[in-house]
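As annotated by TrEMBL, transmembrane segment applies to 6-25, 37-58, 112-131, 223-244, 264-286, 342-364.
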Amino acid sequence: MFPPTRVQAISRVVLKIFHLILVAFSLRSSRLPRLVLWLRFLGWLTWFIFIWTQSVIYAQTIDCPLDCSLRHMLTFFQTLSHAFIVVTSFLDGFRIQQDQLDEAIAFEDSDPWLASTVLAMLVPILGVEYLVCSNAPEYAFRIRVYHLKTLPSFLALQMQIISFILEVMKVNIKVRQTKLQLQILARELSCRWPQSKQKPQFFDQQIHRVKDLKRRYNDLHYMFVRINGCFGGSLLTIIIVYFALFVSNSYWLFVDIRTRPWRIYANLLNLGFIFNVALQMAAACWHCQQSYNLGRQIGCLISKLVKPQGSKRYNDLVSEFSLQTLHQRFVVTAKDFFSLNLYLLSSMFAAVVTYLVILIQFMFAERSSKRSSG
């Protein structure tokens, strides 16, 4: 074993820090003692009950316009989604034998590509939160309270989606390695020199390599099954929250642009929220689309292994491998409600435009009713 390079050592530190962040937000159990699990769970439960109680009291005592109703809805969605993940992590901590993923980021990981992805995702998140904190005195009281109540949950949801992206990236690296091994085998079998490679005995000698690739493909498919089991429920809630955030911040950006004088920081803040949500959703869907595409490419490469000169045993094994790739697709879903791919992005964009138009119509209707009553 060679000692890790400086880049690998820095990458390992970054991933360890990110893992600790996941544990702090109660997104991972990390095999903590039961007392610590209970204390962490009760702490977050107290926080959620406080937020929900305060929101109910505030909504009953103050007349809420459209903007206020949106903020109450987002507060409820974000905290409820975070609470769901906290409960799931708490229950996972008590499982003796876990069939799902124990850790999103293992301590021994030192891949610079994973660490750079974490940093690339965290920098815009920290930039937006800096804008929120540095300009808090300029906001109205209800807006400051909204950001304060949703800050922990919103950060937790973003950390969860980043950990999901990293997990898919790690599996995709293994898929690419399997694809490379399959390409090497197909290239060797396609070579017509020497003539001994065209005999059935030579193809029978390659059966163990085909079996090994078939087993590795089955292991990769099981990894995607575990990802779906571990992240499926949280992905469903996070995507719903992200959709509501994208629509609401787009609406607030539209309102701020029409407001005179322009509030530059408010516009930058809304753009920052929109950018972070779009970046994380685009990265998640793109990597999941890559998983599906790599699986399809492996299925196409298997057809090159079929050889008329090969024995029946060899060709039957290749046919079985081909059928396996047809039935075991590398697909990531949100509890089987929908698949994460680039098509989901286009569908979400169309839905965002539709609901944004509806909110703008409500805004004009609310203003016209105020003028008529005044």
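Cβ from N, Cα, C; glycine included.
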Check: Under a Cβ pair cut-off of under 8 Å, which of the recorded stretches 37-58, 112-131, 223-244, 264-286 contacts the transmembrane segment (6-25) most often?
Finding: 112-131
Notebook entry, point to check: Other than its close neighbours in sequence, what residues sit by the transmembrane segment (112-131), given a CB gap under 8 Å and a spacing of at least six beyond its ends?
Noted result: 7-8, 10-12, 14-15, 18, 105, 151, 155, 158, 162, 165-166, 169-170, 265, 268-269, 272-273, 275-276, 279-280, 283
Check: Hey, which bits of the same chain come close to the transmembrane segment (342-364), Cβ under 8 Å, at least six residues off its ends?
Finding: 66, 70, 239, 243, 246-248, 250-251, 254-255, 281-282, 285-286, 289
Item checked: Beyond the flanks of the transmembrane segment (223-244) by 6 or more, those residues with Cβ under 8 Å of it -> 73-74, 77-78, 80-81, 84-85, 88, 99-101, 157, 160-161, 164, 167-168, 171, 174, 277, 280-281, 291, 330-337, 340, 348, 351-352
Notebook entry, point to check: Same chain, outside the transmembrane segment (37-58) by at least 6, Cβ under 8 Å from its Cβ: which residues?
Noted result: 26, 29, 72, 75-76, 79, 82-83, 86-87, 90, 93-94, 149, 152
